[in-house]
């Protein structure tokens with residue numbers, strides 16, 4: 001018997017932004033799906049608009065599992081995780097142990113199919129970069145939503161994320177920011193105005 005998917009189903013019980021007051025709580029499971037949506041879009045934009053040649057479906061799949069190890073480690077707040085290089089390195093080691101532990105929960109005959117997904121050392125640099133971009137974009141979108149709801153708790157977080165996005169800049173991210181991000185600051189009525197009848 002394998003408890004792999006029983007563990008993954010508990011990602012919905014791990015709240016993100018645990019040290020911040022949230023208008024709407026976000027869990028790791030829903031965050032992972034949004035990162036998969038955005039990473040997939042970034043990959044398609046890269047391929048269609050900017051001469052890229054990445055596998056958008058694989059990137060979406062990797063993004064779905066990108067925080068899976070948090071079902072074992074929990075969600076460590078970013079300011080803590082990256083407080084200094086030593087903590088970041090040690091936390092990366094803990095993540096590797098958690099990835100290995102998750103992989104070992106699978107039946108032996110399935111482990112080699114899941115290893116390239118769960119073990120982030122088997123992801124290409126380009127795949128990792130796109131997923132990190134999507135992860136940062138989704139955190140930024142969460143901040144926009146909270147700020148739009150009047151929650152000023154996210155003022156510093158959005159400033160930090162704007163710097164992160166600038167550091168992870170790419171043409172596909174610029175396109176996504178220009179075309180898709182503005183809608184996240186609008187109400188349902190405002191985004192529904194453009195829906196064709």
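Cβ coordinates are placed from backbone N, Cα and C, and glycine is handled just like the others.
Together with 16, 17, 67, 75, 76, 77, 78, 135, Swiss-Prot lists one candidate of 3, 31, 123 for binding substrate, that being 31. The local packing around residue 135 (substrate binding site), expressed as other Cβ atoms within 10 Å of its Cβ over all shown chains, amounts to 21. When Cβ atoms from all protein chains are considered, those within 10 Å of residue 77 (substrate binding site) total 13, not counting its own.
In the shown protein chains, 20 other C-beta atoms lie within 10 A of the C-beta of residue 16 (substrate binding site).
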